[in-house]
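Step one of this worksheet: look at the structure below.
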Amino acid sequence: MYFEDINYEKHEGIATITINRPHVYNAFRGLTIRELIAAFRDAWDDNAVGAVILTGEGEKAFCVGGDQKQKAGEGGYDDQGGLGMGIGLEVENLHQTIRNIPKPVIAAVNGFAIGGGHVLHVICDLTIAADTAKFGQSGPKVGSYDAGFGSAYLARIVGEKKAREIWYLCEQYSAEECKEMGLVNKVVPQDELQDAARNWAGKILEKSPTAIKMLKYSFNADSASITGISQLAMGSLAMFYNSEESEEGKNAFLEKRPVDFQKFRS
Ligand SMILES: CC(C)(COP(=O)(O)OP(=O)(O)OC[C@H]1O[C@@H](n2cnc3c(N)ncnc32)[C@H](O)[C@@H]1OP(=O)(O)O)[C@@H](O)C(=O)NCCC(=O)NCCSC(=O)c1cc(O)c2ccccc2c1O
């Protein structure tokens, strides 16, 4: 399979998907999301694959969310297909694919996991982080939000108070801090990250695939109701992206200046 924005390889039952846009810290655009979905579907369909690793190219970033440079015009992102729910990105579809693929997905977080990139690791079954990785949400700083799995499911993992802190303050947290809050399973030195992820994937491959699949379905069942909230959230985000308030957030980031949301307080 040929991909432009990601690398995809399968080796000894492990599929590794690498977001490959290091010039923008592995931020995603419409094509990136569509390619990620295609790779996850291939891994889903391949009976030889028992676990998937999601990571980012380079040592700087895992993924820093939506590519603000591609969100140049009014409204949403570059990709105006209907499956993008009016936002221009099939993020909701990708989240569902990661949740529903009946094989564990391990996020190997090699650097910044910010905004929509943070949400990706939150949704993955397991997270192994480099000791240099940094985690956080940024939506409210740049006129965006993920009011679906990115907030409601996050709260189930770290608790309501911590989830609200993460979203309201948009600060960054170290890999060790995230491990303490239960958001990261294991922290390893940067140069051991990919081996550590493959090691865990290998351990999963030794287990009964049916037992693992049913356990994943069972874990998912408890949070399945968030799907409806997520769809509502994406619909509202599509409308919010057309607002002056959201534009101010994006423009301040692109122009490298302080953001001014004061006039939108009503
Ligand atoms: C990640 C940072 C904290 C890193 O800071 P640092 O100072 O180390 O590095 P730079 O800021 O100089 O960045 C290096 C280089 O990368 C470019 N870059 C970084 N992030 C992005 C980005 N998101 N889009 C495009 N480009 C990016 C940066 O411009 C630099 O390149 P230059 O050529 O200019 O030198 C810091 O970079 C940072 O805070 N980045 C922004 C993170 C962010 O706000 N992300 C988007 C949030 S919105 C979002 O992710 C999102 C989530 C969803 O769930 C969605 C769901 C549905 C639709 C849309 C969604 C969505 O957009």
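For all residues, glycine too, the Cβ spot is worked out from N, Cα and C.
As recorded in TrEMBL, the features of this protein are as follows:
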type	residues	note
BINDING	Val64, Gly65, Gly66, Asp67, Gln68, Tyr77, Phe112, Ala113, Ile114, Gly115, Gly116, Ser144, Tyr241, Lys256	substrate binding site
SITE	Tyr77	site 'Important for catalysis'
SITE	Tyr241	site 'Important for catalysis'
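A strand conformation is recorded for Gly66 (substrate binding site) in the three-state DSSP classification. Taking Gly66, Gly116, Tyr241 as the candidate binding-site residues, the subset whose CB lies under 6 angstroms from any atom of ligand 1 consists of Gly66, Gly116. Counting every protein chain shown, the number of other Cβ atoms lying within 10 Å of the Cβ of Gly66 (substrate binding site) is 28. DSSP classifies Ile114 (substrate binding site) as strand under the three-state reduction. Here the binding-site residues are Phe112, Tyr241, and the one whose Cβ sees the fewest other Cβ atoms within 10 Å is Tyr241. Proximity of Gly116 (substrate binding site) to non-local residues of its own chain (separation of 6 or more, Cβ distance below 8 Å) is seen for Phe28, Cys63, Gly65, Gly66, Val91, Asp146, Gly150, given in sequence order. The Cβ of Val64 (substrate binding site) has 26 other Cβ atoms within 10 Å, all protein chains considered. A 10 Å cutoff on Cβ-Cβ distances gives Gln68 (substrate binding site) a total of 21 other Cβ atoms nearby, all chains included. Sequence-distant neighbours of Ile114 (substrate binding site) (same chain, 6+ residues apart, CB-CB distance under 8 A): Ala61, Cys63, Val64, Gly65, Lys134, Phe135, Gly136, Gln137, Ser138, Gln172. Under the DSSP three-state reduction, Tyr241 (substrate binding site) is assigned to coil, being neither helix nor strand.
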